[in-house]
Amino acid sequence: MMSQQDLPTLFYSGKSNSAVPIISESELQTITAEPWLEISKKGLQLEGLNFDRQGQLFLLDVFEGNIFKINPETKEIKRPFVSHKANPAAIKIHKDGRLFVCYLGDFKSTGGIFAATENGDNLQDIIEDLSTAYCIDDMVFDSKGGFYFTDFRGYSTNPLGGVYYVSPDFRTVTPIIQNISVANGIALSTDEKVLWVTETTANRLHRIALEDDGVTIQPFGATIPYYFTGHEGPDSCCIDSDDNLYVAMYGQGRVLVFNKRGYPIGQILIPGRDEGHMLRSTHPQFIPGTNQLIICSNDIEMGGGSMLYTVNGFAKGHQSFQFQ
C-alpha cells in the first residue's frame, strides 16, 4: 500500500500561483499597463471615464458619489460636485456639454439618469427614479442624440436586467433586449449598426445587430460571441476607430480586446494582479484623438488606493457623440 507521501500531489506552480489565473486567453497578445495617476490612497470604486470637448477627463466613485475632473496635461484633480443621487455608476457627455450621470440607486428599483453642467448646476431628471424600476449602470449616445442604457438588475438565476433605447426628446423608452443578468457595459459601433453589451453575472458578451431604426434587432442579429471565465465578470467597455471593443474585467485586473466580430485579439494586464492587487478594473477610455487608453481600477480588497493606468491600444479612440 502506497503511503500518503508516495501519492501524486498537486503543487502551486505556474498559473496556479496567480490570484487570478488566465487560462483560455493565455495565448493572446498581452501587455501590462503603466501607472498614470493616483486618484486616492483610499480604495474608491472608480468608474465612468469620459472626456469632454476640451479634453478634460471626468470620472466618479460609485459609493461616495464624488465627481472628479482631471486635466490630462497637468494631472490636476478637481472635485466639482458630489452626486445627489445614490451610487452613480457612469458619466456620458452630451454634445451640448452637459454631463449625463447614470445612478444605481438602491441596486433594486431606484436607479435613473440625471443631467447637469460640469459644475453640477442646472440639474434635470432624464430617467426619474420615482417613476421607473430601473437600476441604470451605463449608457451610450447615438448620433441623433438618443441613447441606449443598461439595466443592472437581477443575478445569475434571476435575469431581470436589459437594454433600452431613449429617444432624442427623452420621452420614449423602447426595450432592445431583456431578461439578462446584470446588464453592465455598453458600446455602439462606429456605424451605429452594432450594440455591444456585457452581462456581468452570467459572464457573457452580447453582440446586437440593429436595423436602421436603431431599435429593431436584425433577423438572427442578437448573438453571444464570447463567454468569459472567472470571478467576477465583464464590466464597462469602449470602442476604437477600427471597431475593436475594449472590455474591463471586474475582479480580474485586466482588459480584454475583441475585434468587430467578437473574437478576442489582445489583453491588457494591471500590475500586481497576480498577487491580488488592483483587481477592480472597471472602465477603459481613450484620450480623444489618440490611441492612448486610460483604465481605472482600485485596491479596496487589499487595503490599497485608487489608480488610473495607461497603454496604447490598437487604434485611435472613436470620436463619439460629444465630439460630433
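Yeah, the Cβs are placed from backbone N, Cα and C, and that goes for glycine too.
When GLU38, GLU47, GLU64 are compared with the Ca(2+) 1 site residues ASP137, ASN184, ASP235, SER236 in Swiss-Prot, the one appearing in that site is GLU47.
Looking at SER109, SER236, the binding-site residues in this record, the fewest other C-beta atoms within 10 angstroms of the C-beta turn up around SER109.
Close to ASP137 (Ca(2+) 1 binding site), meaning Cα to Cα within 10 A, are the following binding-site residues out of SER109, GLY111, ASP129: GLY111. Spacing of ASN184 (Ca(2+) 1 binding site) relative to ASP129 (Ca(2+) 2 binding site) is 18 Å (Cα to Cα, whole number). Taking Cβ-Cβ distances under 8 Å and a sequence separation of 6 or more, the neighbours of ASP129 (Ca(2+) 2 binding site) in its chain are LYS85, TYR103, GLY105, THR110, GLY111, GLY112. A C-beta separation below 8 Å, combined with a sequence spacing of at least six in one chain, links THR132 (Ca(2+) 2 binding site) to SER109, GLY111, GLY112. Neighbour count (other Cβ atoms within 10 Å of the Cβ, all protein chains): 28 for ASN184 (Ca(2+) 1 binding site).
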